[in-house]
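K.L.:
Below is a structure I'd like to ask you about.
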Amino acid sequence: MSANHEDHHHAPDGHGRALRLGIGGPVGSGKTALVAALCRSLGPSLRLGVVTNDIYTTEDADFLRRAGVIDADRILAVQTGCCPHTAIRDDIAANIDAVETLEERFGPLDLVIVESGGDNLTATFSRGLADRQIFVLDVSGGDKVPRKGGPGVTAADLLVVNKTDLAPMVGADLTVMSRDAAKVRDGKPVLFTSIREDKGAHSVAEWVVGIVDTWQHQHAHTV
Amino acid sequence: MHGDMAMLLLADSRLPAGGHAHSGGAEEAVRVGAITGPEDLARFLRGRLATAGVVTAALAAAACEVGSNPQPGRWQRLDAEADARISSPAQREASRTQGRLLVRTTRRIWPSESLETLAQAVPDGAHHPVALGAAAAAAGCEPRQAALAAAYTSVTAPATAAVRLLGLDPVLVHRLLADLAPALNDAAHEACVIQADDWSDLPAHAAPALDLLAEQHLRTEVRLFVS
């Protein structure tokens, strides 16, 4: 029966739709601050949408709306029923629904950012939801975290180590973090940021522009 | 067809259709102190099965029957019957959201005329039991299997939510679910009695406490679940 029906409700090949970028990481590492920074840096040049996965309330979505970095209507909040992890990996239905709602309302878009709820080091995005993903750590979680690895640290397309301004205060050795991350990530990029000091997270924004360009080049509408 | 297997997939909480984020009123019941432990939870589940569970099972069975001969007008009429049986606007919204996500997921698993016509007839999202019945038909289930899956998920969702929210012993909670087997059978039986197009006779049990919980839940600031 399935032979006559193409699976056209989902576009794994990505033609004609925005790049979907997942941003995950532990609680308090700076995911929402990074989303705000990317909106600040990329808003003028890219057509954006944002989906947040709050754990309790719509706090992250509200923070972004108050920050005024993106039109409030372009932010949708998804609730995750005690399991932020489930909503980005095992049962992505509500997140896909939110992403497609944004594309229908405001499309065409260049980039939809999906911010996960704060979770642990094993959290990763399903490939059915995110085309690329960033994992955000912060130095105050301890400089051993990159060595411990976990799917988020090892497999994300970009690892961001945030709050470098706090490194001297918490005794974190950035050289150790950089060396360990390089070892477990097999050459994939790592960027160190202090979003408190660099409100546009410019190095990360530059990386995102690169992947959006590549995506659009590869997935341009050919019909 | 392979109705038994399809029924298991549809009833499984791991079906990726957004169900994990709904507590069926359990989150608010926990917040206001109506569920504090296994005894309260057992009563809550029994009450939910006898009211919302029977109604949802009957609608799913009717939808499964429509799915074998799907027409846009029949979907719209059955969806209106579901609408009339859910008095709380918050629950109607939650039901449509779950229905929309279920159709999104199941039309990729079981591509079919049943689900395509439903998606076109009710584009903003059919009610959850209607979507469940349509998916069951697409997957090769009989109406009774659709009813069982609907009745079963009407109690497993709040049971799982209570385990997460109160830290209840999950084995004990599964025992409570197992104890509901006769009631679950009765619900599925009642759901399949009416099988004509005269859906006005479908069960319409009201559960005012569940309606109130759903409305309060929507106005509660700190929420982990959608409903």
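Note that Cβ sites are derived from N, Cα and C of the backbone, with glycine treated the same way.
Okay, these came from TrEMBL:
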- A:21-191: domain 'CobW/HypB/UreG nucleotide-binding' (DOMAIN)
- A:GLY25, A:PRO26, A:VAL27, A:GLY28, A:SER29, A:GLY30, A:LYS31, A:THR32: GTP binding site (BINDING)
K.L.:
In the predicted model, what is the mean pLDDT computed over the domain 'CobW/HypB/UreG nucleotide-binding' (A:21-191)?
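P.N.:
Mean pLDDT, the domain 'CobW/HypB/UreG nucleotide-binding' (A:21-191): 91.
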K.L.:
Other than A:GLY25, A:PRO26, A:VAL27, A:GLY28, A:SER29, A:GLY30, A:LYS31, A:THR32, which residues of the same chain sit close to GTP? List them in sequence order, counting a residue when its Cβ is within 8 Å of the Cβ centroid of the site.
P.N.:
A:GLY118, A:VAL136, A:ASP138, A:ASN162
K.L.:
Taking only same-chain residues 6+ apart in sequence, whose CB is under 8 Å from that of A:GLY25 (GTP binding site), what do you get?
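P.N.:
Residues satisfying the criterion: A:LYS31, A:SER116, A:GLY118, A:ASP119, A:ALA123, A:PHE135, A:VAL136, A:LEU137, A:GLY152, A:VAL160.
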K.L.:
What's the most sparsely packed of the binding-site residues A:PRO26, A:GLY28, A:GLY30, counting other C-beta atoms within 10 A?
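P.N.:
Sparsest of the binding-site residues A:PRO26, A:GLY28, A:GLY30 by Cβ contacts within 10 Å: A:GLY28.
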K.L.:
Going by a 10 angstroms cut-off between Cβ atoms, which of the binding-site residues A:VAL27, A:SER29, A:LYS31, A:THR32 has the sparsest surroundings?
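P.N.:
Checked A:VAL27, A:SER29, A:LYS31, A:THR32; of these binding-site residues, fewest Cβ neighbours within 10 Å: A:VAL27.
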